[in-house]
Amino acid sequence: MTAPPTTEPRADAPAGATGRTRRTPVWLAALFLLAFSFGTDDMIIAGILPEIAADLRVSVAASGQLVTVFALTYALAAPVAALLTARLPRRAVLVGAAAVFVVANLGAALAPTYGLLLVVRIVAALAAATASPAAFAVAATAAPAGRQGRYLAIVSAGLTTSLVAGVPIGTWLGGTFGWRTTMVFVAAVAVVAGLGLLTSLPELPGVPPGSLRARLVPLRRPGTALALVAMVPSGAGGMMSYVYVSEVAGRLGNVSGSSLALLITAIGLAGIGGALLGGRAVDVFGPRRAMLIFLAGMLAAPVVMLGLGLGRTGSPYPFVVMVVTFAGYGLATWGISPATQAWLLHGDGGSAANELIALNNSFMFLGFSVAGGLGGLALTVGGPLAVPAAATGCLVVALSLFAIAFRLERKRGRRDRKGR
């Protein structure tokens, strides 16, 4: 139940996806770049809001809706796109979505009005929602035996790396050459990723013809469904401290300005390490145990922040304490992603890999939306320390739901074994 699939690589698996080589396949590197471009496109708007607002003559608040629209479009579209494209060859889905994403970002770079920019942002989100589940599904199903977690982690690391490299580079480009240059940068990365997939990823077939009901059998398991629901409080609790890092770190250690930039960089670097470590943990301990390890870390992080805040009686904490605390938070928060995806795909979940990963991403993005709203309310009502307190509450709920989901799946596994 807890071990990742150990089937031999398929005959049509991409080149390099064999147990005899440790070299990263070109197609996997291309998936990393594609995820990097999606993550950068999603989060870069926050860094260039003033430039967009000034250029298009709208308020900063209106520009901020570009972030909301992208996240909501992704959350709503990912499951639908996964169902509609399930039978199509994987290379066609990935390359086609990458091409649409490139066109959308070039359109954003040329958009003369806010309304048109909003439209092309929706198109970009639709493309990302189509390609992201397929990217994770390809990484999981084409990985050699015993390396599923690490392949998933490489794709996850693409998203995390966008925090450390993509967003700072894009913000610098926007401030130096104008925000439209940032959109061209994102498009250029996606072009490289698309070409890499086009030239290195063989024609992997989609889901064999069959009824929708048959494809969605894994979704009817109570444990799987509950785990997907748990992604909302998990995403909210995990992202809340990042969204309001300036307020929380400012309260604990008077962190601001350049020191805040360094702290955010430390979180991102720890997140990359966490994603890779999470993949390794899946292959060593199995998905369920890996999830529990990183869930415990996610819960410990805001508890430590809250404890530091309540225990502070005089001078602010040294910056090194802030780095260790928030880096630990970043490692745990981004480390859980490969474990969650591998657990959802355990057993016969591979028959609905696209749908499961799409729903996982959708519920996670809904959690991100909750993080902003609930965290903002906590900050307004109770001040900076109320943010990690609210995050702790969300993560307690998530951990409880995951524990019930694990128990339900173990019971189902025992029933299945008795019925054989």
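We count from 1, first residue shown onward.
Cβ coordinates come from backbone N, Cα and C, glycine included.
Lifted from TrEMBL, the feature list:
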TRANSMEM  26-49  transmembrane segment
DOMAIN    27-411  domain 'Major facilitator superfamily (MFS) profile'
TRANSMEM  61-85  transmembrane segment
TRANSMEM  92-112  transmembrane segment
TRANSMEM  118-139  transmembrane segment
TRANSMEM  151-171  transmembrane segment
TRANSMEM  183-204  transmembrane segment
TRANSMEM  225-245  transmembrane segment
TRANSMEM  257-278  transmembrane segment
TRANSMEM  290-311  transmembrane segment
TRANSMEM  317-336  transmembrane segment
TRANSMEM  357-379  transmembrane segment
TRANSMEM  385-408  transmembrane segment
Distal contacts, the transmembrane segment (26-49) - CB-CB under 8 A, six or more residues away: 14-16, 60, 63-64, 66-67, 70-71, 74, 94, 98, 101, 105, 124, 128, 131-132, 135, 138-139, 151, 154-163, 165-168, 170-171, 174-175, 179, 182, 185-186, 189-190, 192-197, 199-201
Arithmetic mean of per-residue pLDDT over the domain 'Major facilitator superfamily (MFS) profile' (27-411): 88
Cβ-based contact of the transmembrane segment (257-278) with the transmembrane segment (317-336), 3 or more pairs under 8 Å: yes
Interface present between the transmembrane segment (385-408) and the transmembrane segment (118-139) (three or more C-beta pairs under 8 A): no
Outside the transmembrane segment (385-408), six or more residues from its ends: residues with CB under 8 Å to it: 221-224, 226-227, 229-231, 233-234, 236-238, 240-241, 244, 247-248, 251, 288, 291-292, 295, 298-299, 301-303, 305-306, 309-310, 370, 374-375, 377-379
Same-chain residues near the transmembrane segment (317-336), Cβ under 8 Å, at least 6 residues beyond its ends: 156, 160, 234, 238-239, 241-242, 245, 249, 252-253, 255, 259, 262-263, 266-275, 277-278, 281, 290-291, 294-298, 300-302, 304-305, 308
Annotated stretches the transmembrane segment (357-379) and the transmembrane segment (61-85) touching (3 or more Cβ pairs under 8 Å): yes
Surrounding residues of the transmembrane segment (92-112) on its own chain - C-beta under 8 Å, 6+ positions past either end: 31, 34, 37-38, 41, 56, 85, 120-121, 123-124, 126-128, 130-131, 134-135, 138, 180-181, 183-184, 186-187, 190-191, 193-194, 197-198, 201, 206
